[in-house]
Amino acid sequence: MQLSRWLFSTNHKDIGTLYLIFGAWAGMVGTAMSVIIRAELAQPGSLLNDDQIYNVVVTAHALVMIFFMVMPIMIGGFGNWLIPLMIGAPDMAFPRMNNMSFWLIPPSFILLLASAGVESGAGTGWTIYPPLSSNIAHAGGSVDLAIFSLHLAGASSILASINFITTIINMRTPGMSFDRLPLFVWSVFVTAFLLLLSLPVLAGAITMLLTDRNINTTFFDPAGGGDPILFQHLFWFFGHPEVYILILPGFGMISHVIAHYSGKREPFGYLGMVYAMIAIGVLGFLVWAHHMFTVGMDVDTRAYFTAATMIIAVPTGIKVFSWMATLQGSNLQWETPLLWALGFVFLFTLGGLTGIVLANSSIDVVLHDTYYVVAHFHYVLSMGAVFAIFAGFTHWFPLFCGYNLHPLWGKAHFFMMFVGVNLTFFPQHFLGLAGMPRRYSDYPDAYTLWNTVSSIGSTISLVAMLFFIFLIWEAFASQREGVTPEFANASLEWQYNSFPPSHHTFDETPSTVVIVK
């Protein structure tokens, strides 16, 4: 009975739980890989004694964190759990397709780990650029397995996106018009469109790479009239929207958390927040070549991509200042989720500022492929997306489980993590400005100090992760009853009559839900 409940589930809460548990496991795998990277770089000289293995670990770390940690947790976990509850729907529009979306992910994960484990592994970086990923530089099955892994993960995301879009358009409760949709629902709605439009391009690119490797096509081989730069354009046309896919649901969750602990019914400038997310989604498709400033583009092309990239800072700024306006003058409840949200706003903004620096093509030519870029995207991912996940998890944990996390130890975990990630990634700005390149397993002695500091920071983050596992155990062991949060009157997900809401949210489909604004 239990086996069929979890294997053949058509229930959005069960599938959301599966996604959250899977994402937690994948997150531990990805964290372990990052600790291997930082152990190698903790001091000059070699630990692994093999640059290929080092690059395999770097590649797997990136792909695991993106496709098997952030996306399953944010979109699959929080999306499945919260969106039907927030819009007053009995479940998702296509419950069985929802189940398939989840069960495509573990085989995809196994294929990725297999790609790292067979032959000499895929040491291409997560971008899989040819000719390094061609059958000459990477003979054997590793890259092919990675390609199949991405195909499965992509198929899963496309199915999930269709499901979310259909659910949000068709299954809102009466009175829940689009201009009253909770911001998290809006964020997943926009994210689903980004996935739907960008993933097929990635699928095309990696399929062409597969045929280049195995049946002698020359899409990316100049010898047959192909061009490796074509792959970069296709990949980044997916890859740039992808980074917004990773952060947009986080924006939605942070909006809920900040409004909630400010004692507000909604964030400041609700409609502006919605338009800002849509604008970020649209602009995200128009800036992909800023990842390619060093491949030799015309100066006018570079001018366009520099300008377009900087324009994205405008809607992002609207969001940041609206969050700050929500906090302004309110009686804050200093609980753990708010700490994560404030940490998010501060550190995401810092990461955004280094992004503005990198948008300048003339500067980027110097900083491209240095640790400055690594520092930039880890500030927006490791302290943006991950902090948003922790904010959302600590906020909605009572809703999901009916129990409360330990309030004091939850705060302790936040401060431990805050120190760890900042100590890890802030020094990398210095390394990048000093010219230390990415994806190398060793470095000149001059870079020793900040690498050592960075590796100490990663050890602190590792301890924080172990402490978080203990926190979850402690919550289930102590069984402190969850109570309706004080300011939950504006959020539909807290209005159901039990924590967690019953397996089937409604005994009968509700006819009306009155929403007072």
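Placed from the backbone N, Cα and C atoms, the Cβ positions cover glycine too.
Classification of Glu40 (Ca(2+) binding site) by DSSP places it within a helix. As annotated by Swiss-Prot, Ca(2+) binding site applies to Glu40, Gly45, with the evidence given as similarity to another entry.
Under the heading Fe(II)-heme a binding site, Swiss-Prot lists His61, His378, citing similarity to another entry as support. According to DSSP, His378 (Fe(II)-heme a binding site) sits within a helical segment.
According to Swiss-Prot, the Cu cation binding site annotation covers His240, His290, His291, on the basis of similarity to another entry. Following the DSSP three-state reduction, the secondary structure of His291 (Cu cation binding site) is helix. Residues near His291 (Cu cation binding site) in space but far in sequence (CB under 8 A, at least 6 apart, same chain), listed by position: Gln232, Trp236, Gly239, His240.
Taken from Swiss-Prot, the feature O2 binding site covers Tyr244, and the record attributes it to similarity to another entry. All protein chains shown were included, and the count of other CB atoms within 10 Å of the CB of Tyr244 (O2 binding site) stands at 22.
Cβ-based neighbour count (10 Å, all protein chains) for His368 (Mg(2+) binding site) stands at 19. Taken from Swiss-Prot, the feature Mg(2+) binding site covers His368, Asp369.
The heme a3 binding site annotation in Swiss-Prot covers His376.
The transmembrane segment annotation in Swiss-Prot covers 17-37 (among others). Long-range contacts of the transmembrane segment (17-37) within the same chain, counting only residues at least 6 positions beyond its ends with a Cβ under 8 Å from a Cβ of the stretch, are 6, 9, 48, 54, 57-58, 60-61, 64-65, 68-70, 72-73, 76-78, 80-81, 102, 105-106, 109, 113, 400, 458-459, 461-462, 465.
Per Swiss-Prot, the feature transmembrane segment maps to 63-83 (among others); the stated evidence is sequence analysis.
Feature annotation from Swiss-Prot assigns transmembrane segment to 102-122 (among others); the stated evidence is sequence analysis.
Taken from Swiss-Prot, the feature transmembrane segment covers 145-165 (among others), and the record attributes it to sequence analysis. Long-range contacts of the transmembrane segment (145-165) within the same chain, counting only residues at least 6 positions beyond its ends with a Cβ under 8 Å from a Cβ of the stretch, are 59, 63, 67-68, 71, 75-76, 79, 83, 92-94, 97-98, 100-102, 104-105, 107-109, 111-112, 114-115, 118, 122, 124, 128, 188-189, 191-193, 195-196, 199-200, 202-203, 206-207, 209-210.
Marked as transmembrane segment by Swiss-Prot on the basis of sequence analysis: 183-203 (among others).
Annotation source Swiss-Prot lists transmembrane segment at 234-254 (among others), citing sequence analysis.
Feature annotation from Swiss-Prot assigns transmembrane segment to 268-288 (among others). Within its own chain, the transmembrane segment (268-288) is flanked in space by residues 179, 181, 183, 186-187, 190-191, 193-194, 197-198, 233, 236-237, 239-241, 243-244, 248, 251-252, 255, 305, 308-309, 311-312, 314-316, 318-319, 322-323, 325-326, 328, which lie at least six positions past its ends and keep a Cβ under 8 Å from the stretch.
Listed as Cβ neighbours of the transmembrane segment (305-325) (distance under 8 Å, sequence separation of 6 or more from its ends, same chain) are residues 251, 254-255, 258, 267-269, 272-273, 275-277, 279-280, 283-284, 286-287, 289-290, 293, 297, 341, 345, 348-349, 352, 355-356, 359-361. According to Swiss-Prot, the transmembrane segment annotation covers 305-325 (among others).
Distant neighbours of the transmembrane segment (338-358): 247, 250, 254, 257-258, 261, 290, 309-310, 313, 316, 320, 323-324, 327, 332, 364, 367, 372-373, 375-380, 383-384, 387-388, 390-391, 394, 411, 414, 418, 421-422, 429; these residues of the same chain sit at least 6 beyond its ends, with a Cβ under 8 Å from one of its Cβ atoms. Per Swiss-Prot, transmembrane segment is recorded for 338-358 (among others).
If you look up Swiss-Prot, you'll see 380-400 (among others) marked as transmembrane segment, on the strength of sequence analysis. Below 8 angstroms of C-beta separation, residues 16-17, 20, 65, 70, 73-74, 78, 81-82, 85, 243, 246-247, 249-251, 253-254, 256-257, 260, 335-338, 340-341, 343-344, 347-348, 351-352, 355, 410, 414, 417, 421-422, 424-425, 475, 482-483, 485, 493-494, 499-501 of the same chain, each at least six residues beyond the ends of the transmembrane segment (380-400), sit close to that stretch.
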Contact call for the transmembrane segment (63-83) against the transmembrane segment (456-476), three or more Cβ pairs under 8 Å: no
Pairwise Cα distance for Asp369 (Mg(2+) binding site)/His376 (heme a3 binding site) [Å, integer]: 11
Nearest of the binding-site residues (His61, Tyr244, His368, His376, His378) to Glu40 (Ca(2+) binding site), judged by Cα-Cα distance: His61
Proximity of the transmembrane segment (183-203) to the transmembrane segment (234-254), 3+ C-beta pairs under 8 angstroms: yes
CB-centroid shell, 8 A cutoff, Cu cation site His240, His290, His291, site residues removed: Trp236, Gly239, Val287, Trp288, Ala289, Met292, Phe305, Thr309
